[in-house]
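S.K.: Below are the features listed in TrEMBL for this protein:
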DOMAIN    291-326  domain 'EF-hand'
DOMAIN    331-366  domain 'EF-hand'
SIGNAL    1-29  signal peptide
TRANSMEM  72-94  transmembrane segment
TRANSMEM  106-127  transmembrane segment
TRANSMEM  147-167  transmembrane segment
TRANSMEM  197-217  transmembrane segment
TRANSMEM  229-251  transmembrane segment
TRANSMEM  402-421  transmembrane segment
TRANSMEM  441-463  transmembrane segment
TRANSMEM  475-498  transmembrane segment
TRANSMEM  504-523  transmembrane segment
TRANSMEM  530-552  transmembrane segment
Amino acid sequence: MAAALKLRPKPNLLITSLVFLVLCGCAYARLISDPADLISDGVSASPFLRLYAADEACEQTYGFMPCTNSGIGSLFLILVYGYLMFLAATYLSAGSELLLELLGPGIVGGLFLPILGALPDALLILVSGLSGTPEIAQSQVSVGMGLLAGSTVMLLTLAWGTCIIVGKCDLENSIAIDSTDTKGFSLTGSGVSTDIWTSYAGIIMAISVIPFIVVQLPQVLNINSGRHLVVLIALVVSVGLLLSYCLYQVFQPWIQKRRLSYVKHKHVMAGILKHFDSSPLGKLRRADGKPNQDVLQKIFTKIDDDNDGILSRAELKALIIGIHFNEITFDENEVVDKVFKEFDTSLDSKIDFTEFLDGVGRWLQEARNSIDDFHAETKREHALLGNQHDESGEAVENARWISIKAALLLLLGTVIAASFADPLVDAVNSFSAATSIPTFFISFIALPLATNSSEAVSAIIFASRKKLRSASLTFSELYGAVTMNNVLCLSVFLALVYVRGLEWNFSSEVLVILLVCIVMGVFASIRTTFPLWTSLVAFLLYPISLALVYVLDYVFGWS
C-alpha cells in the first residue's frame, strides 16, 4: 500500500485555489438574459434554449456560493464542484495511506481507512436529503441513490474490467505467471490471478447487499403497511454489517498470519513426505496403502546420526534444512518445534521409532492416495495465500512529519468534501431541471467520477505491475470500496429516509446494485484466476445497468 501511495495523483492547492476563483467569477453568468424575448406566438422555451437560459433568481448555497438555473452554467458548476470533490477524495486517500504506512494495518487499516475512503460519497448522500422540506428532500435524494448505485457499478465494471486488461499475464495451469505477457489479448490464455484473501473480500462484498434485500421486501411482497419499520430494520442490519466488517478488517492481519502459518506447516509436512517417498530406501506405503514399517525403520536409522534410537531436535532440524524448501520462506526453529511437538506424543522431548511411525502414518492419512498430488496441492494453497513478507516491516523515516502530513491531508480532504457536497447536489438538481434529464442518471454517471476516480486510477496503476501480489491488493481495494458503499453509505441513506420520513421507491436501482454485486461476487468466490474474457462481462454490465434502470422506471413505472 505504501508503494501505491507514490502512484496516486498529488493534490495541488494552487490549482484548487485558481479553480475556486474562476468559479466565483462565474456566479450568475449566462448567455441569454431572457429567453422569452426570442420566442413569439406564446410558444414555450425548448429544452435546447433552457441549456443557455437562466432566470435572474437562483438560490445560492450557504447564501454566497455561485449558482445558476441554466443548463450550461449548471454543467460548469458540476465540473468544478466535482473536481473539488475529486481533490477531497485524493487528499483523504493520500492521508489515509500515509497513516497506514506509519501505523500499519489493524485498527487503522480496518476502521479508519475504509470509512475515510467512503467519506465523500457518504457526505454527498447526507446532504442530498438533509436540507429543505421533506418534499424537497424526496426529490433530491435520488442524487444520493444515483451516486450510491453509480459508484458500485463503476468500480465493479469499468474499473474492474480495466484492471484485468492492464494487469493480464500469461495463464499456465489456470495460474497467471508474474510479469509474463506474451499471449497478447487471448481471451482464455491471458488473465489475472489473485490470492484467496481477495476471494474472501469478494464474498463479503456479496454478503453486504443484504440490507438492500431487507429494505426491498415490502415492494417485493406488495405490502403497503410497515414500510417505515422495514427501513429501520434494514438500517440496523446495515450498521451491524458495517461494524462486523470493520472488526474483520481489524483482525484480518492476525487471521492471515495464522492461516499462512498453518499452510506453511502443511507444506513442510508434504515436502518431508515427498523427500522420504523419493528416497532409494523404498516407498512409504505398502500395496494395501498402510505405512511401510521396514522403509520407515531405515529412514529413522538414517536420520538418527548418533544411533541412540531417539530423534533429537538437532537431528530433526538437520533433516528439514537438508530438504531445501525453495518455494517458501520460514523460521527453521519454529518449523522444527511444530514438527517435534506433533511427533512427541509422550511429551518427553524425545521421538522414538513408535512415535515416528505413528506421526508419519497420520501424515500419510492426510495425504490420502498420492503424496505428489498432496505436495502440489499444498504448494498451490501457499501461492493462493500470497507472499505476506514483502512490502512489510520497513522502517519509516521522519515518522513525526509523516503523521503531521497525514493529519493535515485528512483534515483538508474532510473540510473540502463537507463544504462542496451540498453545492454539488444543488448543481446536479439545477442541471436536471434545465435539461429534463433525471437526477439519478446524472449522479449515476458523473458523480462517481469525482468521488471514486482517484481510487479507480490507483487500482489500475497498481494492477499494471502484473504480479499476483499487486493484483490481489488491487481487487481487494475495489471489493472493499464497494462493501463500504453497501454498508456505510447505505446506512447514511437509510437513516435519512427513516428520520425524515421519506418514501423508499428505488426498486430498479436496488436491482441494479444486487445484479452487479452478486455477479461479480460469484466471480470472486468461485475463482482466483480471471481470464481476459471476464473483463468483457464486467464492461457489459455497465450499459446493461443503465438500460435496466431506464426500462424499469420509465417503461414499466417501477418507481
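In case you wondered, yes, glycine gets a Cβ from its N, Cα and C as well.
All annotation found in TrEMBL is predicted automatically rather than curated by experts.
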S.K.: What stretch, picked from 72-94, 147-167, 402-421, 475-498, 504-523, has the most CB pairs under 8 A with the transmembrane segment (229-251)?
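M.R.: So the stretch in question is 475-498.
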S.K.: Per the definition of 3+ C-beta pairs under 8 A with sequence separation of 6 or more, do the transmembrane segment (441-463) and the transmembrane segment (504-523) touch?
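M.R.: They do not touch: fewer than three Cβ pairs between the two stretches lie under 8 Å.
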S.K.: In the same chain, which residue numbers or ranges, 6 or more beyond the ends of the transmembrane segment (530-552), come under 8 angstroms Cβ to Cβ?
M.R.: 149, 153-154, 156-158, 160-162, 164-165, 168, 171, 185-194, 440-441, 444-445, 507-509, 511-512, 515-516, 519-520, 523, 558-559
S.K.: For the domain 'EF-hand' (331-366), would you mind checking the mean pLDDT of the predicted model?
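M.R.: 82, rounded to a whole number.
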S.K.: Going through 197-217, 402-421, 504-523 one by one, which has the most CB pairs that fall under 8 Å from the transmembrane segment (475-498)?
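M.R.: Result: 197-217.
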S.K.: Using DSSP, what's the helix, strand and coil tally for the domain 'EF-hand' (331-366)?
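M.R.: So the counts come to 26 helix, 1 strand, 9 coil.
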S.K.: Across the domain 'EF-hand' (291-326), what are the DSSP residue counts per state (helix, strand, coil)?
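M.R.: Here the numbers are 22 helix, 2 strand, 12 coil.
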